[in-house]
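Noted in TrEMBL for the protein shown:
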- B:5-36: repeat 'WD' (REPEAT)
- B:47-88: repeat 'WD' (REPEAT)
- B:131-172: repeat 'WD' (REPEAT)
- B:173-214: repeat 'WD' (REPEAT)
- B:215-267: repeat 'WD' (REPEAT)
- B:268-302: repeat 'WD' (REPEAT)
Amino acid sequence: MLPVPTNHDAPIDVLTAIEALVERMIRDAARGIPPSTAGAGHASPALTFRPLDQHEHNKSLAVFLRVADLVHANLAAPTPRVMTKRDVYYQDPALFGTQRVSDAAIELLASTLGVPRDALGVVAAPRGQAHGPCLARFTASMGSETSVVSFANGSHVPPGRRVTRLELDPAHVVAATGMRPAFAPGPAAPRAIPVAIALALRVPRFILIVEKDASFTALAHRGFAARHAGLLITASGFPDLATRQFLADLARVGAHSQHVPVYVVADADPHGLHIALTYMTGRRVDGSRCVVEVGDVNVGKVVHVAVHLRDVELERTVRMTRADRVRAVTLVRALHGMGLGEMQARQFRTSLQAMLHMNAKAEIQALDVDQLERYLETRLGLV
Amino acid sequence: MQLSHSPHEDGIWGVAWGRGGRLVTGSVDNAVKIWNTDGGLEPVHTFHGHELGVISVATDLTGRYAVSSSLDSRIKIWNMDDKTHVKTIEGEPVEVWTVACDPHGPHVATGTHAGNVHVYNSESGERVQVLETKGKFIMSLAYSQQGNYLASGAENGAIHVFDTTTGRLVSTLSGHAMSVRSLSFSPDGRFLVSASDDKRVHMYDVHHGSQIAALAGHASWVLSVAWSPAGGSTSNVGAGAVDHIASGSSDKRVKVWDIRAKQCLHTLDHHQDQVWGVAYNEAGTRLATVADDKSLRVFSCQ
């Protein structure tokens, strides 16, 4: 049986389309006509490959056909599976040379057929990771296979699967080690779910997105998520599409249905604030101050809880660069188009202008891990 | 005696005195406000127009005009008598910072991120001079009262002094290794004081290019400094007059120093946040201070 493409908007049958395209290209080549991608779809300008010479090896044509072959073979298999872009590359590294080459061919095939890459059964491996005493139930993007993933020991976001349920796993919750001195109280943030309720309802107390890998790892190692029954997520900077999808699904099953608050921790610099804004608004500012939607993967209500420049000792701050300053001014000017509430917009405006005036910025690591924990415990109302 | 007001909706970054007891403040809320200080502290007018926060304000020698610079890269000139907007000078993006008025000519100067000083004609709005330091982001500027010197302080601590007539570099003053946030000349133009992130206030002999004093006392970045126009001149050493300078800091304090004795005379604790501006009036009888706590305070000096 031919599997149904995942993108139900695409009216075409991907397998048939690939077969037709490749057949035509080979027929043309046999007649001495340069094979081209024209006529197969309408989504991209046609690419014509160099005329074949009996003595010449046309690499780009070979790459394109090989990718078409791999995609077709997978989709035609009895149980097609989702492949990551890396998986595709490793099927024939000698031919492809670098992953960029196979990536480009995949994109070309997708745009030629007029379908999103996912419809080819190829996904980017999400860069996101999650850590915390939680179980997540997934269904496969292709087919109906379900799986349960525990994040207790940390795990990459599984590629090609969608979260359908998020649950606290009390077996991995560790007792908190008692009261610690509070950190500077800052702008009010909605409190995390109280411990007793979280345990009773089996939901995590919070979902915390950490902009930086290093800080995510540090908090994970110290058992922050286990002690406070929450879930840490990182996307390593600006989140890729697959991780944003994961977060959006997580927000839907966690935040929206179970009222688990979602927070983001970012560097106290223009880039970090931009990332926080992207999570909060589902919009991004491009270089010319234009605000663009980042697709239908809005995470929904996310609270920017840290790090605020004013909470960092001045000695631990560093000077802004020219690029930082340009970025900060661009962001301030674009704020009104981001769809923020008035108070939030004001807070960001104040933060960005303070950075510009003080000529200072700070990374999350300007707080040592102990300070960061106390900072989060205070802001999230965890103790 | 102290007067205070919390007029702006956000932090206040700049303050300058005008003629006849008038004060100008510039705030992160984009507004430039005019005040009367005769008999109390009264708001007179608010100028709108800047799109982003106001970095600094200055007044010209006549005291009639106020000049403001903003994060929106614009310099605006306001008539405080008529309460009108006179001119807007468009700077290059990110290349406008604090602004200073030439006491002896229709000029307005601003420091740039590229390490230059741009001097504009305030009547035509044209840029008439570029003074290059070949250094870093210029965070502070000051003209001497005589108008012959223009000093610039950079984010790496370097201070350059230019002769305004020839545009030539007269002195490079070293000593600070961190941002120089504010500069002020002595009334006779012979000395210069500087405020830096290294928590010190330095005093330099301009002509000889040498550092004379380093005042310690602030617990954090020193953001603003002003030399009182009152007191003795340097040729009257021994006449018993005291030269005062005032400094404002990230430690939220204002300090008043006897610059000759190199001692702190008073520490004022009234502000709740970083003190960005300190300014003496023409007679040196009053000191205005502004801070991130959104307040403006005026003290009388004895």
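Cβ coordinates are placed from backbone N, Cα and C, and glycine is handled just like the others.
Nobody curates TrEMBL annotations by hand; they come from automatic prediction.
What you are looking at is a predicted structure, and each value in this text was computed from that prediction instead of being measured.
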Same-chain residues near the repeat 'WD' (B:268-302), Cβ under 8 Å, at least 6 residues beyond its ends: 1-17, 21, 23, 25, 27, 35, 37, 41, 63, 221, 223-231, 244, 246-250, 252-256
Helix, strand and coil totals (DSSP H, G, I; E, B; other) for the repeat 'WD' (B:47-88): 0 helix, 24 strand, 18 coil
Counts by DSSP class (helix H/G/I, strand E/B, coil) across the repeat 'WD' (B:5-36): 3 helix, 18 strand, 11 coil
